[in-house]
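Record features, source TrEMBL:
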type	residues	note
DOMAIN	260-354	domain 'Transglutaminase-like'
ACT_SITE	Cys268	active site
ACT_SITE	His326	active site
ACT_SITE	Asp351	active site
Amino acid sequence: SKERVKTWFLTLKLKTNNTEHGTKKISKDQLIVRRGQRFTVKVELTQPFNPNLNPLTFTAVTGENPSEDLGTKSCFGMPDKIQRSPSAKAVWKVELEKGSNPPTGSLNLTITSPADTPIGKYNLTARHRDEETLLAELVVLFNPWCPGKLSFYLPTFNVNASIIFDSISCSLPAQFEEDMMKICLKMLDVNPKHLANAANDVSARCNPIYISRVVSAMINNNDDCGVLEGRWSAPFWGGTIPSHWSGSYPILKRWYNIGCHPVKYGQCWVFAGVMCSVMRLLGIPCRVVTNYQSAHDSNKNLIIDVYHADYGVREKETKDSVWNYHVWLECWMRRTDLGKDGKYDGWQVLDPTPQEKSDGVFCCGPASVKAVLNGETNLKYDAPFVYAMVNADCIDWLCKADGTMVNIFSDTKKIGQNISTKAVGSNTRLDITDSYKYKEDTMAHRLKTSRLRQRKRHCSLGKVGKLLRSFSQVFLFTCPGGDCNNYNCLSLPLSAPDLSIPILVPFLVYHKHMVGSDSMKISAVVTDKLEPRNVYLAVNDVILLNPPMSITVSKKLPSLCLINHYVDLFEVTVTLADCC
């Protein structure tokens, strides 16, 4: 762009700057730069440039009530003899580059924001003599290649950084969609912290830890006008079934268009996918992670407790639970707040799914993956909760009539299986379990667990058969939320060998729950008649397969919608016969 003023011309090299800053796919019409990295401006004066007589000064401001002390306003110039506040933060700079010719008034300038600049929208003005003009309305983003103390510096620049952002561009391109910048900046401006104190909120946007917690809270709508409303079971009236979303952009675009009201509906993978797109656009490297057999430890005791009555059925409600899988986000950043030696730098867990409150708000993280690996649950943020998601013990208790409880089953290996993310450069699965937990029974694992909790008595499913004296009860319930059904079995003789007992479960018992679920849980409670206090529990998940169907279409072709309906519900083979 080029603007004529009385005694000088300003040329903003939009295309060149956006290309060098890796933002040309985000916008072709707006200058978007990364902090700590210079961008170029061409200035042509109608008179020779004499910096001592007529200096060239600039001012960059962002947010409401910009302040040098808050780092939201910076005055700088050439020469840089600006009188600024002694406690000024985030001071920008301008330099004269090669190819400049001051005697003719031709100046090639580079402007650089510092590595701790708050991200967001800026107005950049320039003044020469008594003439001032708005040079640009630009956006400053985080910079993963800048070695500042608050950045996400990836030291092997030519390898790791390019690979990470190659993965970004090919796997989740939502950040390059139209208006994504406007949508994400709007999200920051409507968060509760900004509404409570806009000046402090904008100033804190220099910190990726702060931004990540704000975005984690804003993806769900539990505390604010967040993007998504969660729903984990039917009906999904008035919204979209979570599994029907195919991308982040339609969700974010709809949230913006309807006045920042929540979009219906989301579940963990939707929350994580939307947050991934937002964080990548803001310049924070991230990836989506899936954990199988993921624990939700509500009381932070690192144990998932399940309670049973003495007749086998779950009696006491508990907020603890185990998801068959759960999805969250990993973001790459430095953690100088945890240690100056870089020990906790790298991948950090962030979970926007509203499970538990953190500092009074439904958000989670960032929690250092390295801290989780070593069981350092005393570190912020939410390390105990994240540790439990991949490492909690599962304990089943039998609640006796006299109020006492007996440990009938313990499992220290079930939680945290096949932790996965997408491999860089391909659509294959990358197993990252070893970055979260040491292999069971290794010395490192034993040292870690000994610091955290006393190992519980473990009774494997194999031991249950050997200890069998009386097969007292079996109860069945669908997962999740199904009604329990008991199937009492006759007592077996003490000399009975290991055996299998077939139980017919009628379709009418479980068909209602199979509409939204494909699995049921089978549990067997075993009592030793010689030692009645010895009670054991065996549990297994049964996955139901869709019945195969074959449809032959003849003469008149039925409704395509009807065929698609059956294709979605069952494994259908469609044969077209006698059709034109």
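Heads up, residue numbers simply count up from 1 along the chain you see.
Every residue, even glycine, has its Cβ placed from backbone N, Cα and C.
Model confidence over the domain 'Transglutaminase-like' (260-354) stands at 90, taken as the mean pLDDT rounded to a whole number. Packing around Asp351 (active site) is summarised by its Cβ count: 30 other Cβ atoms lie within 10 angstroms of its Cβ, all protein chains included.
Note: the Cα of His326 (active site) and the Cα of Cys268 (active site) are spaced 6 Å from each other. Note: Cys268 (active site) has non-local neighbours Trp323, His326, Val327, Trp328, Thr353, i.e. same-chain residues 6+ apart with C-beta under 8 A of its own C-beta.
There are 23 other Cβ atoms within 10 Å of the Cβ belonging to His326 (active site).
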